Amino acid sequence: MKITIIGTGYVGLVTGACLAELGNDVFCLDVDQKKIDLLNSGGIPIHEPGLEEVVARNRAAGRIQFSTDVAASVAHGEVQFIAVGTPPDEDGSADLQYVLAAARNIGKHMTGFKVIVDKSTVPVGTADRVTAALKEELATRGAAASFSVVSNPEFLKEGAAVEDFMRPDRIVIGHDNSPEGEKAAAKMKKLYAPFNRNHERTFWMDVRSAEFTKYAANAMLATRISFMNELANLADHVGADIEAVRHGIGSDPRIGHSFLYAGAGYGGSCFPKDVQALERTARQYSQDLLILRAVEAVNDKQKLVLGRKVLARFGADLSGKHFAVWGLAFKPNTDDMREAPSRELLRQLIDAGATVAVYDPVAMAEAKRVLALDLTPEELARVRFADSPMDTLTGAEALIIVTEWKAFRSPDFDRIKAALAHAVIFDGRNLFEPEAMAEAGFEYHGIGRSILTRT
Ligand code: UDX
């Protein structure tokens, strides 16, 4: 099928590349000429495992093209995916200006029938606004082209997005029951047919329910994390081990093992933004989502827990003290620094007067960019970007782990101990066992794992 993808960010690029991989003829549009030039020269603007290969293969096969030409993009696809950003507005609600601008562009140029797919995460009711924007543009032109807006939210995890797209656990499609809506649903069915060969994975529903499903999924996952983080902090007080508790509850099939890891708080482009946006939607309907307010508050606090443990151990004044930090990205296998807990930790350490050496396997360039915005030049001068994990350690009071990269899981503890001024590890992702660390001669501070300091 001929597909247009509007927006070559995370979601758009992965969707476009994967649909091309399935044999579709994909046209990717972006307003950012630099990004398009990069993609046309074989580069990839984000770090996402497997994506570069898929894009290269399909570019070579002529199944994917990148352009800033709006008229050509509208002419190309019978299905037009809107996958542009929905950044949080000042009040936390999703800013729809890019989604609506994309819709207007389609309305300005379209002829014939088009399926418009809302792929971006958008508040309930957005499809109606997209429909209204399209109708307005068509009326202005006096054009009679027909269309239908469907909702097809993405459930891609950064770092595993290609895999998630190619092996979806579900495909959610919301459409209306008008003749155009049914026609659109038939096209979507054809497009996604390759994923449903083994068994049907598509859930068909009305548009608003589909829009809501995306927020509900992320809100549920964020809730699980904040719940575990809150219990972890209590476990620290009562002398319980949150990891043992996690196993104990996860084995209940009603609870399950996933997304129960206590840590340094959730970050990224989705959870913080989507939880806020759902709360904001609720307020618009005079509803108050008490649970989600707590989820957000707990997460804001959790991002400070690791830093607070360091301050409690080494004192509120850290001037003259040096720390090693492993992991900057909000999670492994990505260079994404959006809402990353490492940023809060660095702010705390720098505010307390410390110097730090940091290392991340892929996010160093992005971290340099982002930290230059977070910190003043004087503050930034107190951050050294190291060449390797071991290179961060010399003379540091302690090692602080913020992101659970695989490369950090089995380090050479003897070398770490030899390099550090004190054999102290703060582990924001509970990578190690407290008993083993004690045996190895480390003072170990995990999240919710103070079993060894039980009174
Ligand atoms: C998430 C959803 O998983 C995905 O379906 C949606 O489309 C976009 O949002 P993503 O933001 O890429 O994906 O990352 P995810 O792996 O879900 O992790 C989000 C955050 O939660 C990370 O900061 C991670 O470290 C944290 N997390 C996750 C925990 O703290 N504990 C856990 O048990 C799981």
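Using N, Cα and C of the backbone, Cβ positions are placed for all residues, glycine too.
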Same-site residue for NAD(+) (record: TrEMBL; known: ASP30, LYS35, THR86, GLU158, LYS273, ARG338; options: THR121, THR131, THR376): THR121
Candidates LYS108, LYS321, LYS331, the one TrEMBL lists with PHE155, LEU156, LYS157, GLU158, LYS214, PHE259, LEU260, TYR261, ALA262, GLY263, GLY267 as binding substrate: LYS331
Densest Cβ neighbourhood among LEU260, ALA262, CYS270 (recorded positions), 10 Å radius: ALA262
Inter-residue C-alpha distance, ALA262 (substrate binding site) and THR121 (NAD(+) binding site) (nearest angstrom): 26
Listed binding-site residues adjacent to ligand 1, that is, members of ASP30, THR86, THR121, ALA262, LYS273 whose C-beta is under 6 A away: none
Nearest recorded site to LYS157 (substrate binding site) by CA-CA distance, among recorded positions ASP30, LYS35, THR121, CYS270, ARG338: CYS270
For the domain 'UDP-glucose/GDP-mannose dehydrogenase C-terminal' (324-434), residues assigned helix / strand / coil by DSSP: 40 helix, 19 strand, 52 coil
Tertiary neighbours of THR121 (NAD(+) binding site) (same chain, Cβ under 8 Å, six or more apart): THR86, ALA94, PRO153, GLU154, LYS214, TYR215, ASN218, CYS270, LYS273, ASP274, ALA277
